[in-house]
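What TrEMBL says about this one:
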- 2-115: domain 'Response regulatory' (DOMAIN)
- 144-250: domain 'HTH LytTR-type' (DOMAIN)
- Asp55: 4-aspartylphosphate (MOD_RES)
Amino acid sequence: MQLLIIEDEPRAVRQLRSLLDASGYDFNLLQVIDSVEEAVNWFRKGIAVDLVFMDIQLADGLSFEIFEKVDVQTPIIFTTAFDQYTLQAFKVNSIDYLLKPVRQKDLNTALAKYQKNHSLFIPQSDLLKSLLAQMQREEYRNGMLVRDGKSQVQLPVQDFQYFFSKDSLTYGVTRQKRYLIEETLDQLSATLDPAHFFKINRGQILAKAAIYKIDPYFNHRSKVTLSMNTDEQFIVSRARTSDFKSWLNR
């Protein structure tokens with residue numbers, strides 16, 4: 001079985017590969033892709049693949065955008081950290097998914113179902129376009145419950161200048177303080193208004209209001225300077241640089 005993984009979180013890739021190794025199925029992993037742009041280019045090459053594991057929230061947008069740019073006739077199992085509202089939409093449209101963190105039992109069930117009927121896993125483009133429109137209409141969070149010592153405090157989302165992940169933990173930073181957030185960066189990104197927040201790479205999300213300037217950086221990337229003092233370095237990945245500059249112009 002020839003597999004492709006489309007996922008921008010290295011930890012999620014490692015976990016999925018480990019579960020696949022333990023599944024008992026013979027497979028060959030062709031490639032790991034982390035962005036919409038790279039996925040579109042890959043599918044356009046017409047490389048033969050039996051099954052794709054595709055995360056919904058990628059480095060440069062929702063993976064459903066792939067299907068607006070290229071015809072995909074490959075069976076797909078989506079992986080998602082989205083909320084129950086979105087999962088219900090998947091069920092209504094008969095689209096298969098695995099909820100993160102993926103469990104061995106769920107993966108084995110999905111693979112067994114795939115082996116019985118491959119065609120069930122080929123997504124219909126009109127359904128995916130409908131889901132994309134639905135997700136883009138969803139309301140985004142206004143507040144955030146964060147850890148402050150032994151207490152939890154509620155803060156307005158607009159107070160946060162940036163978010164980052166480190167050592168499997170997620171943090172949000174205001175102008176005054178850093179807070180621990182009990183969500184993965186992937187989960188957090190899905191709930192933030194993309195008009196105001198941008199995931200510049202696998203481990204950082206910036207607020208538009210916090211950005212002071214951008215400068216060219218080696219390997220066709222960009223370096224961002226914030227209007228607040230911080231020791232963090234913010235480098236926009238090459239795959240995201242073009243979209244990032246377009247976003248700043250909106």
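Placement of Cβ uses the backbone N, Cα and C atoms for every residue, glycine included.
Helix, strand and coil residue tallies for the domain 'HTH LytTR-type' (144-250), in that order: 24 helix, 50 strand, 33 coil [DSSP].
Here the residue listed as '4-aspartylphosphate' comes close to Ile6, Glu7, Asp8, Glu9, Ala12, Ser63, Phe78, Thr79, Thr80, Asp186: these same-chain residues lie at least six apart in sequence, with C-beta atoms under 8 angstroms from its C-beta. DSSP assignment over the domain 'Response regulatory' (2-115) gives 49 helix, 28 strand, 37 coil.
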